[in-house]
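> For reference, the structure I am asking about is given below.
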Amino acid sequence: FSPAVFPLSCVVQNYSWGKVGLESEVAKLVASGDPLAQIQPDQPYAELWMGTHPRGDALIRDNRIPQKTLGQWIADNPACLGTKVKDAFQGHLPFLFKVLSVNTALSVQAHPNKELAAKLHAQFPEHYPDANHKPEMAIALTPFEGMCGFRPVEEIVSFLQNVPELRALIGEVAAEQLERSGSDDPRGVSAALRVCFTRLMKSEKKFFVDQLNMLVKRISQEVAGGKDTSGSNGDLLLRLHSQYPGDIGCFTIYFLNLVRLEPGEAMFLGANEPHAYLHGDCVEIMACSDNTVRAGLTPKFIDVLTLCEMLNYTPAPSSSKIFPAAQSQLDPHVYLYDPPVPDFTIMRIEIPASIKLYLISAMDSASILLVIQGTAVGTSTAAASEMSLHRGSVLFISANESISLHLSSPDGMLLFRACCLL
């Protein structure tokens, strides 16, 4: 007998932007998932990786299984992926599932589509390590803030009129072109937006640092004088500048939507969508890729030309960036986040306290199950023994296997299940 359902021990990434110690949802999940884990109070806990990525392949916590990691086990047992998934993704798990705890902003970035990814990887393999696209989706666990997509033009124009330092960087010609572009000509609007954003991102370092310092000084004085600085997006500017002083990314707040998610709300980031996570905790799922084109709020390699070329310059209100979950027709406890890409889907499973026995149903895809709250004992014909599930537990479930949960918590359970629905 070889188990096809088993617990995982997952890799933590300690990137500097992560929340520190037990402030971090990642650290809290790790601490409750593994009683032996030592959480360092001054260390950032940024990401928990649940998957087979070579830089963070999950360890199998079942000593009856000879393979050490999930990646090795799937390579030896590719049928566990499910027939369609195995064929469509050449025997690899097509997604990487994560928890993120964001304390300071992540870089302004976008992910290429497959065509561009192949080209970038061929030309610059040291910066673009694979040839795959990287759509991703984030679902808030705590109130979550990010920037995503271009704002409606009237909002950008209003900033151009209220923030002279921004206008100076973009230049009068480009600013007027955007102000004159009419909503009846979406291609003209996108072209004008592209010129403005590219002018900003390619401005001379000394010039933009001077303008940024002037802007920060002016807003700080207005705040000290009790003035309302919302017309210059003052609060966010001062916050980002304190995190990344002198960084061109501080000016992107005038172009990109600020999106606030409540727990359970999601945003989907397709190819070429500019975004930057700012603060909060979320679960995230993405296609298996490391291709990120960055242009600000980061000490890492930045590729402004590629970013400005590739972006989707379609303005839209921030409300349109919230991706809706659909309650499952088959099971009212399941909410589906099913984006317009084949690589992944997430289910949010909310089991009320009144239910004592719940079936995690079989599907024709491998899946990874994460427990956010509640406790249960899980049994499965495909598991070697019963499994104790609690906050922070992560399980791998092979295709066509199910798990019975015998709930023991007074407040029900909250679970996320990552899978691939082809």
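Glycine residues also receive a Cβ, built from the backbone N, Cα and C atoms like all the rest.
Grabbed the feature section from TrEMBL, which reads as follows:
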type	residues	note
DOMAIN	5-153	domain 'Phosphomannose isomerase type I catalytic'
BINDING	Gln109, His111, Glu136, His275	Zn(2+) binding site
DOMAIN	169-256	domain 'Phosphomannose isomerase type I helical insertion'
ACT_SITE	Arg294	active site
DOMAIN	336-376	domain 'Phosphomannose isomerase type I C-terminal'
> Within 8 Å of the Cβ centre of Gln109, His111, Glu136, His275, which other residues of the chain have their Cβ, at the recorded Zn(2+) site?
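Not counting the recorded site residues, we get Ala110, Lys134, Leu269, Glu273, Thr292.
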> Checking distant contacts: for the domain 'Phosphomannose isomerase type I C-terminal' (336-376), what same-chain residues at least six beyond its ends satisfy Cβ-Cβ under 8 A?
8, 29, 50-51, 74, 80-85, 88-89, 93-95, 97, 99, 133, 135, 137, 139, 141, 264, 266, 268, 270, 283, 285-288, 323, 325-328, 330, 388-422
> Return the count of C-beta atoms lying within 10 angstroms of the C-beta of His111 (Zn(2+) binding site), excluding that atom itself.
25
> What does the DSSP secondary structure composition of the domain 'Phosphomannose isomerase type I helical insertion' (169-256) look like, as residue counts for helix, strand and coil?
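Secondary-structure composition of the domain 'Phosphomannose isomerase type I helical insertion' (169-256): 67 helix, 1 strand, 20 coil.
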> Roughly how many Å lie between the Cα atoms of His275 (Zn(2+) binding site) and Arg294 (active site), rounded to a whole value?
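Here the two Cα atoms are 10 Å apart.
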> DSSP says what for the domain 'Phosphomannose isomerase type I catalytic' (5-153): how many helix, strand, coil residues?
40 helix, 43 strand, 66 coil
> Could you round the CA separation between His111 (Zn(2+) binding site) and the residue listed as 'active site' to a whole angstrom and send it over?
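It is 9 Å, counting Cα to Cα.
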> Return the residues near Glu136 (Zn(2+) binding site) by Cβ distance under 8 Å, restricted to its own chain and a separation of at least 6 in sequence.
His111, Phe268, Leu269, Glu284, Ile285, Met286, Ala287
> Count the residues of the domain 'Phosphomannose isomerase type I C-terminal' (336-376) that DSSP assigns to helix (H, G, I), to strand (E, B) and to coil, and report the three numbers in that order.
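Helix, strand, coil within the domain 'Phosphomannose isomerase type I C-terminal' (336-376): 0 helix, 21 strand, 20 coil.
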> Using Cβ atoms only, which residues of the same chain lie under 8 Å from the residue listed as 'active site' while being at least 6 residues apart in sequence?
Ser107, Val108, Gln109, Lys300, Phe301, Ile302, Asp303, Leu307
